[in-house]
Amino acid sequence: MGDGSPMATYTVDEALTAMGFGRFQALVLAYAGMGWISEAMEMMLLSFIGPAVQSLWGLSAQEQSLITSIVFAGMLVGAYSWGIVSDKHGRRKGFLITAIVTAGGGFLSAFSPNYIWLIFLRCLVGVGLGGGPVLSSWFLEFVPAPNRGTWMVIFSAFWTVGTIFEASLAWFVMPTLGWRWLLALSSLPSTILLLFYGLTPESPRYLCMKGKMTDAHSVLKKIARLNGTELPSGTLVSDHHIQLHEKNIPSEDVKLLSPRRDEGEDQKSLDHSSVGLSSLSMLLSPTLLKSTLLLWVVFLGNAFSYYGLVLLTTELSKGRNQCSSNDLYSEKSNDVSYRDVFITSFAELPGLVIAAATVDKLGRKLSMSMMFFLCCIFLLPLVVDQQAGLTTALLFGARICITATFTIIYIYAPEVYPTSVRTTGVGAASSMGRIGGMICPLVAVALVHGCHQTASILLFEAVILMSGICVLLFPVETKGRDLTDSVATVKHIDVLE
């Protein structure tokens, strides 16, 4: 590569590494980060909306839990659906639709006349939020491989910004303006995504995978121009081309940067290995099966634990009051401790720092497993009732750990899957996470309401421990590994390793 000869070639990964992380990636980071802020705000507000409408509409504990669970049910549908859409029609179209659904459903939720309408509209918001993995995969495909882990941690910091901002917003808005204003204001980040959508580029890796080499080359030239660098010398090729070349398949089958007539042939060659296979069957193919199943378990456990800890922050103090024999506390049992939620939200900052410090040094697997096991240690004292200050401190420590694992798993998952099924794979795994999110209110809310704090914490301990063990069983470590374009390429690399 780079000798200037006619036969010199380079891949997207090589081009991105040569150009480095510059102004272009910073703009992409800002846009994708706004989407991450949007999802974080829409999820965090569930800690405040449930208690507010429970008092207003006289809801039972189960009905309050359903407000949270229905959002995850929508995300369960959306995460898988938008993954398929973006793998088939492009990353840009995928996150355009999700932004429209999220912004519309979130804003209309503020005008819900009753409980049924609120449930329906929050489910619609969940369907839109399911597209979050599309934005993370889109950003990932612009980041050079050598420092991909660090930049993905920085991207994850936008989630923390969203949680802290939502906690601050709720602290200010809820006591004065009420929950409807909180819902309306929380929909603004999704609206911002729509305003700047026209400036977003398509992923060059996706374009290569689809055989649109000319379009991919145009995007790479734009990156080079904005970064003040130059593309490598030679011809752009996909890693599918590299694999075919190593297998001595005639080069005329993989001509690139040629007229559109050849692009169709290239795409036909690219898709040859997946003829007759659906996206899901590719995820469950022998090459990806172990990674897929383990990722599903870890995503489920991670989401269950993360959102459970968010809800436990408000529910443990309420549960302590409700389970006391003194009826003087009953009137306060539905009050939300905005201070505790605000404080524990800041736990995500050291969690991000830990993830950034370990993800590229210790690797994805070791970093995640250590944080899962440490989270178990922080939660263990909560099997019995503790003083309010100690409870907040322990939840703060557990939130640090689970934020680190949540951050790293969203780096690891897109790296495991090839471009052809990347957003479908991450979307399917994220869907399993939504199942965990649907279940966690039944534990964090219902069990604490039923005065079963010990059972609740022990269940969290079991899920977190299981997740840590599954991480250790992941078949590959993706630290420093180039992204791949096809399932066949993944198998080829695994054989070489």
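Here, residue 1 is simply the first one shown, and the rest follow in order.
Cβ coordinates are placed from backbone N, Cα and C, and glycine is handled just like the others.
All annotation found in TrEMBL is predicted automatically rather than curated by experts.
As the structure is a computational prediction, the values presented were derived from the model and not from experiment.
Straight from TrEMBL, the features:
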- 28-479: domain 'Major facilitator superfamily (MFS) profile' (DOMAIN)
- 15-36: transmembrane segment (TRANSMEM)
- 66-85: transmembrane segment (TRANSMEM)
- 94-111: transmembrane segment (TRANSMEM)
- 117-140: transmembrane segment (TRANSMEM)
- 152-173: transmembrane segment (TRANSMEM)
- 179-200: transmembrane segment (TRANSMEM)
- 293-312: transmembrane segment (TRANSMEM)
- 366-384: transmembrane segment (TRANSMEM)
- 390-413: transmembrane segment (TRANSMEM)
- 425-448: transmembrane segment (TRANSMEM)
- 454-474: transmembrane segment (TRANSMEM)
Next on the checklist: Cβ under 8 Å, sequence separation of at least 6 from the ends of the transmembrane segment (390-413): give me the contacting residues as numbers and ranges.
Outcome noted: 133, 136, 140, 148-149, 152-153, 156, 159-160, 295, 298-299, 302-303, 305-306, 309-310, 312-313, 316-317, 340, 343-344, 347-348, 350-352, 354-355, 358-359, 364-365, 367-368, 371-372, 374-375, 378-379, 381-382, 425-426, 429, 464, 467, 471, 474, 478
Next on the checklist: Can you work out which residues elsewhere in the same chain, 6+ from the ends of the transmembrane segment (15-36), have a Cβ less than 8 Å from its Cβ atoms?
Outcome noted: 95, 99, 132, 135-136, 138-139, 142-147, 151, 154-159, 161-162, 189-190, 192-193, 196, 199-201, 204, 220, 222-224, 226-232, 236
Item to check | Two-stretch contact, the transmembrane segment (117-140) and the transmembrane segment (66-85), at least three Cβ pairs under 8 Å | outcome: yes
Checklist entry - Any idea what the model's mean pLDDT is for the domain 'Major facilitator superfamily (MFS) profile' (28-479)? => result 78
Item to check | Tertiary contacts of the transmembrane segment (366-384) (same chain, 6+ residues out, Cβ under 8 Å) | outcome: 298, 305, 316, 354-355, 358-359, 390-391, 394-395, 397-398, 401-402, 404-405, 408-409, 412, 453-454, 457-458, 460-461, 464-465, 467-469, 471-472
Next on the checklist: Which sequence-distant residues neighbour the transmembrane segment (94-111)? Criterion: at least 6 residues beyond either end, Cβ under 8 Å.
Outcome noted: 35, 38-39, 42, 78, 82-83, 85-86, 118, 121-122, 124-125, 127-132, 134-135, 138, 180-181, 183-184, 186-187, 190-191, 193-194, 197, 423
Next on the checklist: Tell me if the transmembrane segment (179-200) touches the transmembrane segment (425-448). I count contact as 3 or more CB pairs below 8 A, with pairs 6 or more residues apart.
Outcome noted: no
Item to check | Distant-in-sequence neighbours of the transmembrane segment (179-200), which means Cβ under 8 A and at least six residues beyond its ends | outcome: 27-28, 31, 34-35, 37-38, 41-42, 45, 48-49, 52-53, 92, 95-96, 99-100, 102-103, 106-107, 109-111, 128, 162, 166, 169-170, 173
Checklist entry - Residues of the same chain, at least six outside the transmembrane segment (66-85), with any C-beta under 8 angstroms of its C-beta? => result 42-43, 46, 49-50, 53, 93-95, 97-98, 101, 118-119, 122-134, 279, 303, 307, 311, 423-428, 430-431, 433-442, 445
